[in-house]
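Novice: Below are the features I grabbed from TrEMBL:
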type: DOMAIN; residues: 216-425; note: domain 'PNPLA'
type: MOTIF; residues: 247-251; note: motif 'GXSXG'
type: ACT_SITE; residues: Ser249; note: active site, nucleophile
type: ACT_SITE; residues: Asp412; note: active site, proton acceptor
type: REGION; residues: 614-638; note: region 'Disordered'
Amino acid sequence: MSSASNGYQLNSDISDLIEEIIEKFDRPPTYNSIFNKSGEYKTTTSAISGTILSYAQSIPILNKLFPITNEKQQLTNSLLEQQKLATTYSKWYDVSLQLDELMGNNAWKSNPESPYYDFELIHHNINEMRTARLNRDYKLLLYLIRTKWVRNFGNIGDVSLYKSSFVGTKKLIEDYITECKLSLDYLVNGSDVDLDDRYLLGMLIQTRKNIGRTALVLSGGSTFGMFHIGVLVSLLEVNLLPRIISGSSAGSIIASILCCHSYEENKIIIQSLSEREFEIFNSGLDEEGILHEKKNQFRTLLKSVGHFLKYGTVFEMGSLKKTIIGFVGDLTFREAYNRTGKILNITVSPASLHEQTRLLNYLTAPNCLIWSAVCASCSLPGFFPSTSIYEKNPRTNKIQKWNGDSSIKFVDGSVDNDLPIMKLSEMFNVDHIIAVQVNAHVVPFLKISVSNPGGYLEDDLTTKFKGILNNAYDFFTCELIHYFQIFNEMDIYKNLSTKLISLLSQSYSGDITILPNYKLSDFTKVFSNPTPQFIADFIIRGARSTWPKITLINNHCGVEFELDRAITLLRGRTISSNSNSTFGNSLIVNPINLVQCNNSPTTEEWNQLTTTKSLGSSSARWDPVTPDRKRVSSLMKS
């Protein structure tokens, strides 16, 4: 661990891994006047402003009336180039600080006043917590935390507060986040805090329910899903990765790999991804045919067309199954949760018109094999066949059809529920979504219509223009949904129209949305087997697209994640101090005492209250069953 200048505790080994991949694979491409240095189309705003600037510089009269400081502009352009080519978050952050200083953004940060949040309320609460902490009044401090900590307190999460600087926001907001963390640390680790760990644990658990939880949701997108790896690596680097992770289609592959392996194992996997070939898209070619695939693209195309005419899908599922099993074995959802503590969620859509979309996790499908759920979530109609889901009998370890029903088939989870926001909220009290959206048919519309702050400067005119485009997009979407509803009621392609309605009506963005920058050449590789160069390129893009969002994510979720760590620490201390204690009793508190804030039980008083015999620890972990690859291989052949 190393501490960066921004105050985050960085995982230096992850930083080194990202830097190694970037230095090995990142090559600045050639470009012309309509492309920027990433090979992407220039945005309308930058293209127009660049044209106006060039035109103004070419006219002497305009140059005298509106003098342009070329030296400052050159320095700004140089720093922007360094920012774009940064190899680690720490380097990106340092360059961004220089840009904020050069462009005068620090003056905006220092001024606490803004119409977008209640700065007086924030200032008052900082003083309350700081005074209680410095006076070592832990009972008052616990009362403030329990009653006043909510997400987006005083509207500090408003997106308008994150589009006037490259890093950070109002200093008052950052001071509030810092004071919350210091106050929590004092309650948990203060030597003079005379509160029983079980009582404090109960209070913090209730506080977490009040704040809500954050989930990371990874969309589908075929090979573009490699972008997710860069996002995950960047969040791991700054210790801002949520425990609840959901994926659909390609996102389910990346989410399952992360949630089935430890931190050290994931480092090895990420490093190996950019050094190996993958055979995912296979149109029934034998091993010899696969070897000649790259040499004869026309032969591959004919095979794909033939496979579609014969079976109704372009690709078969065998290669995808083999790849996924190679990463996750035959772990079940419950085994993965017990192994890593991460909550994996995978969305699947039933092929039948009368079934509901399902969210699979350790609660709804504890014994289901993760590889079979991933295959089902990747079964895009027309490209991969619909598949069944398998489960492992917990008593015999025998692999069988889920719920013993072989008639139910599932297809791509992105079709009906790409981002399962509502189901996550119902199951895990999730009220905040970090969405990583890479679907090729969605990203262009989100880019031009959604205000996407965090690390990017965006003026009011651009925000209003995007608002107009967003309204136009909503209008045309509603019109299309209306026509498909008419087709549905008239029984015209009822199944297809129902799926299209779901595709158009669902939400594709979250509270924080991370989007990639695509090049035109990328769209020719959507259904091609990813090469090491392609994988590394998308990992780099994912990392660089996430760095500008780190401040926004920290201010939205930093207190929640610190609360999670504090709860984990207290649970460990409770187990070690008394193996016969139970966490359930920590929730039996007197609400009157909490409000009065002066009768919280001390350690001695708490020991007198908790005399109930323990039923055992609810946070016990056990190792997963060793994957039986022979059983899995036999299923693949069937």
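Here the Cβ of each residue, glycine as well, is placed from N, Cα and C on the backbone.
Because TrEMBL annotations are produced automatically, they should be read as predictions rather than curated entries.
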Novice: Would you list the DSSP helix, strand and coil counts for the residues of the motif 'GXSXG' (247-251)?
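Specialist: Taking each residue of the motif 'GXSXG' (247-251) in turn, the totals are 2 helix, 1 strand, 2 coil.
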Novice: Take every residue in the motif 'GXSXG' (247-251), average their pLDDT values, and give the whole-number result.
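Specialist: The predicted confidence over the motif 'GXSXG' (247-251), as a mean pLDDT, is 90.
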Novice: Take the Cβ of Ser249 (active site, nucleophile) and count every other Cβ within 10 Å, whichever protein chain it belongs to.
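Specialist: For Ser249 (active site, nucleophile), the 10 Å Cβ neighbour count is 30.
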